[in-house]
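Working notes, structure below.
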Amino acid sequence: MAEQGDTHATAAVGGLPLRDCDLIMKGGISSGVIYPRAATKLSETYRLRRVGGASAGAIAAALTAAAEYGRGQGGFAALQDIPTELGANLSGLFQPSPGTKPAFSILSAWLEPAWSTSRKVWASLLQVVRRTSIVLASVTLLLLVPGFAVTVTSRGAPHGLRDWLGVAAGTVVWLPGALAVGFVVAAVVFCRRTLRKIVANGYGLCDGHSTDPSVGQAPLTDWLSAQIDSLAGLAPGTGPLTIGHLWGPQAVAMQQVIAAKDKTKRRVLPEERILAAKERAIDLEVMTTNLTHRRPYKFPFSDRTFFFCCECLRTYFPDSIVNHMVQCSAAAADKIDSTGQVKVNISMKCPHHGGSAVYAVPNAWDLPVVVAARISLSFPGLISAVPLYCVDWTRQSGKRKLIEVWFSDGGISSNFPMHFFDTHWPTRPTFGINLSQAHPDFDAPVWRPSAGASGMLPPSYPITSVPSFLAAVVRTMQNWVDNTQITMPGFRDRIAVVRQRHGEGGINLKMPSTVIEDLANRGAEAAKLFDDFDFDQHRWIRYRVAMSEIDDALTRMYSDYCPPDGYHDFVAQHGPRTKRYPISGPMMTTRERDLTDKLMQHARNSAQQKHPPSAGSVPRPKPLLRLLPRQ
C-alpha cells in the first residue's frame, strides 16, 4: 500500500530537485485544465518519477511525463502555458466525424453557457428539421391528404374559388397535427441515423482524429501527439515520444530481459522485476476499461494478449503513430486450435479491412505515449472507444476466433486510481489531485486533510429527484472503490481536492477563458498544499497500518494452519505428490514447508505477545490485506 522508489531525498543532479514524488490525477474531461499548473508547481520541489491517472487525468499524466522528460529544455515552462492555450480553443479539440456532425451540433448548442434554454431547444429543433426536411415534408403532406378528403366530403366537390378557399381552410385545420406527427417521425429518423453513425464511429461523436475544416485547428489526438513531443523536446519529425524514452535505456534493457524470460516461461525472480521498475527514470501508467470483457486494465498492458489492425487505428491516430506501432511489431500468424479432436486454423485477419493482418500491440517500451493517453480518454458517447482484437479462447473448440475488443474511458472502472504505484512501505510520496463539487459550508477552492481523522468521512451528495437518484446509482457503481480508498489512513493525507462550481469542468467544453484560467490556477494552489507535507509522519502511518494488517493476516492464516486437517498436514501430504504447480524436487518441497513453519511460528509468537504490531492506536479505518487480480 505504498509507492515504489529509491529514496525520498536524492542527490541533486544537473539542477534537478532533491526529492522525488509520484502523481495521480482524477478524470473529468475538461477538468483536465486543472492539472498542468499543479504538476508544474510540484516540479519546483520534486522530480515526478511516476505519473498516472484516468480519462482527462491520463491526458494530464502523459503531458506531465513528457514535460519531466523535457525538463532541461523548458518542458514545464511550456506545460504551464497549456491552460492559456486551451482557453482559446478547448472546444475546438472536440471535432465530430462527418456522419456525427448533426448530433454534435445539438450537443454543442446545449453546452453554450450563455444561451437560454429556449434558444437551445430551437437550435436543436432546427438541426433536426434541416437534416430530415424531406421526411418531415413527406409525412406532413401524407397526413394532410385525409384532412383534404374529409373536408371535400363534408363540403362537397368545390366548383369555384370560394369553395376551394373553404377546402383549403378546412385542410389547414389538420396542419398542426400533421406537423407534430411529422416532426416526431423526423426525430425518430434523425435518432436512428445518428445512432448508426455513432456505432460506426466507435460509439462516439468524436474519434479524436477526424478534422472538421470549419474549426481550423488540430483535433484532440493530433494536438495531444504534437504537444507531447514538443514538451519532451523532440524535434519535429523525430517522434513519437515512447514509454521507452521515459524509462531510459537501462530500464528498457532490464525489461527486455524479463520479457524474454516470460516468453520462454523461465523463472523471473521478484527482485528482478522490482529492480527493473526502480530503474525507470520516468514511468507512466493509465487506467482503461475493456468493455468487451467487462473489466479494467492498467496500460501499458503487462502481456501481449491484444492485437491491433493498422487500418482500424488510422481512424483514431495520426499515420505517424500507427506506422511506428507497425514497425515495432509484426503481423500475427494464424493460430492453431489443437484442443479438439481436429486442429482448427484461427484466422488473425481483421474482419473489417479485407482480411489485412493484425499486429500484436507493441511491448510497453515501444508504445507511443499518446496511445496511452488516448486509450484512457474515451468518454462514452462523446469520444470514441478504441478497438483492439484478441482470440476468444472461451468458445468451444472449432468456434474460437479473433474478436473485436473495445477499450473505453478509464474512469468507467476507476476514475481516481490512487492504488497505482503502491507497495507496503513508501520511499517517496504519491500525491493525488482529486476533484469535487463546491462544498456547501466552506468557500476554499482547494483543500487537503490536515491530520488525524480529517478526511476520514466521505462527503455527502443530496438525492432529491429521480434523475439525481439514477445519477447516484451510476456514480456509486463507478466510484465506490476510489471513494472508499481515499478515506484510508496513508491515502487521505496525500490527496489535495480541487472544488469546482456549477458549470466548471466535466462536460462543459465551452467554458470562458477566464474560467479555464481560474481552474488552472486552482491546480497550482492545490499543489501548494503539499509544501508542508510531512513525509516522515506519512511513512510512520503507512508502517503502522501495514504491520497491523500483516499481523492480522498472519493470525488468520495461523488459525487455518494448525487444526487437524489444516494446512500444516495438507502441505506435508499433498505437496510431494501434486501434479499441478509442483515445487520441483523433494528438497524444495521440504524447504517450502520449513519456510511456512517459520512464518507460522512468527504468527504464534506474535499472538503470545499480544500482537505488538497491533498494539496502541492503529490508524483508522483499518484496511484489509487480500489477494486481488493484477490490472
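Cβ from N, Cα, C; glycine included.
Features reported for this protein in TrEMBL:
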- 23-422: domain 'PNPLA' (DOMAIN)
- 53-57: motif 'GXSXG' (MOTIF)
- Ser55: active site, nucleophile (ACT_SITE)
- Asp409: active site, proton acceptor (ACT_SITE)
- 601-631: region 'Disordered' (REGION)
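Away from its own ends, the motif 'GXSXG' (53-57) comes close to residues 24-32, 35, 286-287, 376-377, 379, 409-411, 414-417, 433 of its chain (Cβ-Cβ under 8 Å, at least six residues beyond either end). Under a cutoff of 8 A between CB atoms, and with a sequence separation of 6+ in the same chain, the neighbours of Asp409 (active site, proton acceptor) are Gly27, Ala54, Ser55, Thr288, Thr289, Ser376, Leu377, Ser378, Phe379, Pro380, Ile383. Counted with DSSP, the region 'Disordered' (601-631) comes out as 11 helix, 0 strand, 20 coil. Mean pLDDT across the motif 'GXSXG' (53-57) comes to 96 in this model.
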